[in-house]
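Contents: one structure, followed by commentary.
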Amino acid sequence: NRDLHFWLGNNWYPFIFCILKEFFLRGRFIFGPDVRSIFLTIFLIVAPVVAFCVFVARHLIDDFPGDWGISVMVVVVVFTVYDLTLLLLTSGRDPGIIPRNTHPPEPEGFDGSNDSGVQTPQQLRLPRTKDVIVNGISVRIKYCDTCMLYRPPRCSHCSICNNCVERFDHHCPWVGQCIGLRNYRFFYMFVFSTTLLCLYVFAFCWVYIIKIRNAESLSVWKAMLKTPASIVLIIYCFLCVWFVGGLSVFHCYLMSTNQTTYENFRYRYDRRVNPYNRGVLNNFLEIFCSRIPPSKNNFRARVTVEQGLQQTRVASRGFMSPNMGKPVGDLEMGRKPVPWDEPRTAADIRDLEAGLGGFLDEKEGRLTHASPDLSRDDLPADLMEGRAGTHSRRSSWVNRTGTSESVDSMNAQIIAAWEAIQSDPVH
């Protein structure tokens, strides 16, 4: 419904659980918020290859017997297409996003009552960390205040994509995507194939220079002056191979020890036991030969309004996140300490409040695309009373110390607005 989408917006987290993502082809491709950087990466790959084909490979076609000359250009074109395909698989794939909860989870072993029959705030507050056993070794997992869930082992929250990602490695700005459980394999193959592509262009530029030297009986330096494009490509590939080649070697080491980039820089497994290390061979088999798990999100599914409203009414038994009401700072996200309910509750209430006001204005015919035959008299009396209360309480909603009353009031406004839409014959 167009009207409902207008005032719900894109910040109401029970409806849109995965923010800061770009979707294409109806959810078949999911990119990070910095997806534009992928065009720079494509340019840095394609431009040198085009220059190589025009100024180097084209002249080598007649310098090799048989079809070997044309194969130089065919190989570099095919290898470039393969490299770009791996880039797309890395950047346009769900890296392993864990769906958010709409309310904090219940503690393990909770039976709904205690000895005194009264639950204190301390009893209702969820623990900040939990210990789980991985391969016989105790591993501590943390609670994510943003996603309202306990992160599985090796999971971390990306500050750029604002999502918890399984087996989080890092966020790569060159591909514009998080690198995690479901795209790490393609990421390494992309980096390694880019390294091979640089070495290929670098080598055949030297072959072309040697051909010129032998054909014209010149020195190497004079032969290089005959083909300035080869000099530029040699310097470019030499610089790039240090970057992508070094990255390939580093990730090869990480795979051999079954670490992620995040774990390597944060936990330093050389000082303690790595619970995920299964031996060099098994570690490589886990990366390249294991089955990639399916995505936990159906990005192509449509969320109906009834489902969204039902989620807002789901009871959470009053359990609070560990940092609710406390100044918190997420070290992994690199943010300054702020009140727990400020970034999510207050902002969402302001957005919904403004959107609801705009929706009611639209119902009165104040927007250009509103139905012309609707007026204030056509709206239910309870909805108009709710709207009056909305404007009178704007300054008090966000400043309250507790947010349960404001959320309940907003849910009532949402339900009343939806019922008004359902009963309106125009819609």
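Even glycines carry a Cβ here, placed using N, Cα and C.
The transmembrane segment feature in TrEMBL is assigned to 12-31 (among others).
The transmembrane segment annotation in TrEMBL covers 38-57 (among others).
For 69-90 (among others), the entry in TrEMBL reads transmembrane segment.
Per TrEMBL, region 'Disordered' is recorded for 98-121 (among others).
For 140-266, the entry in TrEMBL reads domain 'Palmitoyltransferase DHHC'.
The transmembrane segment annotation in TrEMBL covers 186-209 (among others).
As annotated by TrEMBL, transmembrane segment applies to 229-254 (among others). Nonlocal intrachain contacts for the transmembrane segment (229-254), taken as residues 6+ away from its ends with a CB within less than 8 angstroms of a stretch CB, comprise 44, 48, 51-52, 54-56, 188, 191-192, 194-195, 198-199, 201-202, 205-206, 208-209, 260-261, 264.
The region 'Disordered' feature in TrEMBL is assigned to 363-404 (among others).
Residues annotated as compositional bias 'Polar residues' in TrEMBL: 395-404.
As a summary of secondary structure, the domain 'Palmitoyltransferase DHHC' (140-266) carries 76 helix, 19 strand, 32 coil according to DSSP. Listed by sequence, the residues of this chain that lie at least six past the ends of the transmembrane segment (69-90) yet keep a Cβ under 8 A from its Cβ atoms are 29, 38, 41-42, 45-46, 49, 52-53, 57-58, 60-63, 172, 175, 177, 179, 183, 186-187, 189-190, 193-194, 196-197, 200-201, 204. In this model, the domain 'Palmitoyltransferase DHHC' (140-266) carries an average pLDDT of 94.
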